[in-house]
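Asker: Following this message is one structure expressed as structure tokens.
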Amino acid sequence: MSMKIKICIPTERIQNPIISETIVETGILLNIMVANIDSTYGELIADVKDSRFARIKKALESRGAIVAILDRPIHRDEEECVECGACISVCPMNVYSFDETWSLCVDEKKCIQCGMCIKMCPHGALKLGE
């Protein structure tokens with residue numbers, strides 16, 4: 001099994017090749033799903049095998065990164081949701097779709113907790129981890 005993790009690289013460490021060094025040192029491959037990195041901060045969402053999490057976390061943290069397990073999927077308030085589809089257009093992982101009756105479907109297992117859908121939802125019907 002694999003798990004999704006969030007890796008945050010603070011400003012003072014952003015110029016260092018933290019991810020590359022960690023992969024070379026540990027031999028553990030990361031499947032990077034989303035990466036937002038600029039000159040001041042870095043944030044990545046990645047998949048790593050459950051059995052290798054502790055080792056990769058230790059190696060990343062020794063380089064100044066902050067690592068967290070993403071285990072709380074998106075929650076949709078069905079009473080607040082008007083099924084407008086705004087979430088479909090911004091989700092990078094295709095968590096949202098319409099079925100054959102045009103009802104909104106949510107595949108929580110695909111969610112990487114990037115928050116794009118939450119920002120886009122005009123009714124505030126989406127939240128993380130509730």
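Every residue, even glycine, has its Cβ placed from backbone N, Cα and C.
Sharing the feature lines straight out of Swiss-Prot:
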BINDING   Cys81, Cys84, Cys87, Cys121  [4Fe-4S] cluster 1 binding site
BINDING   Cys91, Cys111, Cys114, Cys117  [4Fe-4S] cluster 2 binding site
DOMAIN    72-101  domain '4Fe-4S ferredoxin-type 1'
DOMAIN    102-130  domain '4Fe-4S ferredoxin-type 2'
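Any idea what these are sitting next to in the structure?
Answerer: All chains included, 24 other C-beta atoms sit within 10 angstroms of the C-beta of Cys87 ([4Fe-4S] cluster 1 binding site).
Within 10 Å of the C-beta atom of Cys117 ([4Fe-4S] cluster 2 binding site) sit 25 other C-beta atoms, taking all shown protein chains into account.
Taking DSSP states H, G and I as helix and E and B as strand, the domain '4Fe-4S ferredoxin-type 1' (72-101) has 5 helix, 6 strand, 19 coil.
Remark: secondary structure over the domain '4Fe-4S ferredoxin-type 2' (102-130) totals 8 helix, 6 strand, 15 coil, with classes taken from DSSP.
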Asker: Given a separation of at least six residues and a C-beta threshold under 8 Å, show me what packs close to Cys111 ([4Fe-4S] cluster 2 binding site) in the same chain.
Answerer: Pro73, Ile74, Met93, Val95
Asker: Anything within 10 Å of Cys84 ([4Fe-4S] cluster 1 binding site)? Look among the binding-site residues Cys91, Cys114, Cys117, comparing CA atoms, and list what you find.
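Answerer: Within 10 Å of Cys84 ([4Fe-4S] cluster 1 binding site): none of them.
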Asker: Note the Cβ centroid of Cys91, Cys111, Cys114, Cys117, the recorded [4Fe-4S] cluster 2 site, then list each other residue of that chain whose Cβ lies within 8 Å of it, in sequence.
Answerer: Ile74, Cys87, Val90, Pro92, Met93, Val95, Tyr96, Ile112, Gln113, Gly115, Met116, Ile118
Asker: I want the residues beyond Cys81, Cys84, Cys87, Cys121 whose C-beta is within 8 angstroms of the mean position of the [4Fe-4S] cluster 1 site's C-beta atoms, in chain order.
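Answerer: Nearby residues not in the site list: Arg76, Val82, Glu83, Gly85, Ala86, Leu104, Cys117, Met120, Pro122, His123, Ala125, Leu126.
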Asker: Tell me the Cα distance separating Cys87 ([4Fe-4S] cluster 1 binding site) from Cys114 ([4Fe-4S] cluster 2 binding site), rounded to the nearest angstrom.
Answerer: 12
